[in-house]
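A quick write-up on the structure given underneath.
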Amino acid sequence: MPLVAGVDSSTQSCKVVIRDAETGALVRQGRAPHPDGTEVDPRAWWDALLAAVEAAGGLADVAAVSVAGQQHGMVCLDGSGEVVRPALLWNDTRSADAARDLITEAGGGETGRRFWADAVGLVPVASFTATKLRWLARHEPAQAARVAAVCLPHDWLTWRLAGAPGLAALRTDRGDASGTGYWSPSTGQYRPDLLERAFGRVVEVPTVLGPAERAGVLDPTVLAGAAGRPDAAPGSPPPGGDILLGPGTGDNAAAALGVGAGPGDVVVSIGTSGTVFAVADSPAADAGGAVAGFADATGRFLPLVCTLNAARVLDSAAALLGVDLDELSELALSAPPGADGLVMVPYLEGERTPDRPTATGSVHGLTLRTATPAHLARAAVEGMLCALADGLDALVAQGATVGRVILVGGGARSAAVRRIAPQVFGRPVVVPPPGEYVADGAARQAAWVALGGATPPTWALKDTEEYAAEPVPAIRQRYAEARDHTLDRVAATGE
Ligand SMILES: Nc1ncnc2c1ncn2[C@@H]1O[C@H](COP(=O)(O)OP(=O)(O)O)[C@@H](O)[C@H]1O
Ligand SMILES: O=C(CO)[C@@H](O)[C@H](O)COP(=O)(O)O
């Protein structure tokens with residue numbers, strides 16, 4: 001029974017699962033936290049990866065490893081492969097002006113947006129790598145001048161696992177390349193002209209691999225000690241031969257692989273980000289900008305809507321109310337659907353969909369009756385879900401068909417989220433058992449690399465539960481009244 005490892009290097013933590021390549025059975029797992037903040041030194045991800053691998057019992061007995069990671073983060077390397085500055089993450093909004101400039105320079109308005117959607121499947125917002133590169137070129141020219149290569153979090157970790165063998169060895173996959181803003185999902189080619197437009201010059205970018213192509217082999221010395229191979233001497237091969245490195249992918253594409261999403265499935269992931277996505281046979285190009293036309297990890301496409309405010313809205317509401325997450329859930333479920341008109345617009349980190357990078361959150365509809373912890377808890381859950389329901393509508397407007405809605409991510413552990421989601425979405429949701437579906441998707445990709453074949457091995461998704469409820473359209477109607485009434489951040493403090 002060959003084993004494989006899957007890594008999820010996400011915003012808040014790194015998770016590692018070791019699974020049986022053929023059956024998908026979970027053998028062991030580990031995790032380690034990431035630092036807070038929207039700007040992070042990639043070396044912190046590497047340290048967390050080592051710790052999570054160690055907690056998972058090492059990699060000495062696996063045949064292949066794949067790394068999935070948070071998308072879009074800008075990892076800049078100098079000519080010797082050193083990190084130039086901390087990475088700007090997908091949820092860092094300082095590049096919002098850069099995004100606007102890139103649209104303006106492409107003709108502005110609908111013309112500019114259509115240009116980008118047709119060229120690379122997405123309309124620039126602060127999240128995408130191209131806008132971060134523009135920000136770097138404008139705001140830190142000395143640092144920008146040192147950049148020899150740019151890659152994404154999962155590319156960099158895969159490269160480190162290979163022993164960081166020179167910039168030409170950087171590898172990525174279609175899924176994550178499609179979130180840069182300088183790679184076209186429809187042609188499968190980089191757009192060096194757009195990289196130059198964003199950054200002012202062309203720098204080295206990772207080679208884009210096919211879904212089951214090898215990115216290289218694990219350098220056993222890089223994990224010595226941390227990964228249960230204290231015996232590894234420099235250059236010594238692992239006991240069973242080389243450990244293969246898969247191409248890896250973005251965390252959402254990995255989640256699609258992890259739950260085995262197929263035609264008609266829409267996945268809603270409630271992690272640090274909220275995402276709504278489907279696997280599609282053709283690329284999306286939404287000039288409205290709500291749907292990003294990503295590629296997936298199987299050779300197909302992954303139209304996706306992403307919000308900046310998801311599970312951490314619940315964390316914040318719980319902190320505000322002085323309760324834990326389970327108590328927040330109980331409180332929310334003790335208030336009536338619609339919270340008697342109390343609405344939370346959850347733009348705590350600004351927002352990406354809709355594009356409101358400087359917005360703040362707000363609470364509307366306070367009365368003597370609604371000023372209770374239960375109402376506030378319910379409004380937090382409903383507001384977060386309403387933003388995702390808007391995303392689901394946008395996906396449908398781009399042609400997605402909705403059979404099953406599959407709910408995953410840390411936020412899906414909340415009973416209130418699982419029970420209120422069908423009221424807000426107006427359809428039942430399918431919830432797999434709590435798990436690490438991004439890491440699982442990466443492991444499934446690693447199994448595909450190890451076992452070969454035209455498709456990834458079939459791993460059954462067992463013990464899913466369906467949550468159904470009478471739709472309550474009034475929740476979304478009230479949210480729609482409230483969602484444009486927000487204040488901007490206070491300019492001087494950024495808060
Ligand atoms: N029981 C729960 N109820 C609500 N939220 C939860 C629960 N358990 C975990 N979470 C939240 O899930 C989030 C982490 O989810 P995860 O999908 O691992 O995020 P990411 O992949 O972005 O790092 C945290 O914000 C955490 O508070
Ligand atoms: O920016 C996006 C998708 O476009 C985010 O979904 C990131 O990929 C971060 O993911 P999580 O840490 O929330 O899983």
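Easy rule for this one: first residue shown is 1, then count along the chain.
A Cβ is built for glycine as well, from the same backbone N, Cα and C atoms used for every other residue.
Annotated by TrEMBL as region 'Disordered', the relevant range among 28-47, 228-247 is 228-247. Residues from the recorded positions list (Asp8, His72, Asp251) with a C-beta closer than 6 Å to any atom of ligand 2: His72, Asp251. Counted within 10 Å of its Cβ, the other Cβ atoms near Asp8 (site 'Important for activity') come to 29, all protein chains included. For Asp251 (active site, proton acceptor), the same-chain residues 6+ apart in sequence whose C-beta sits under 8 angstroms from its C-beta are Asp8, Ser10, Ala68, Gly69, Gln70, Gln71, Gly271, Val438.
His72 (substrate binding site) has a Cβ environment of 28 other Cβ atoms inside 10 Å.
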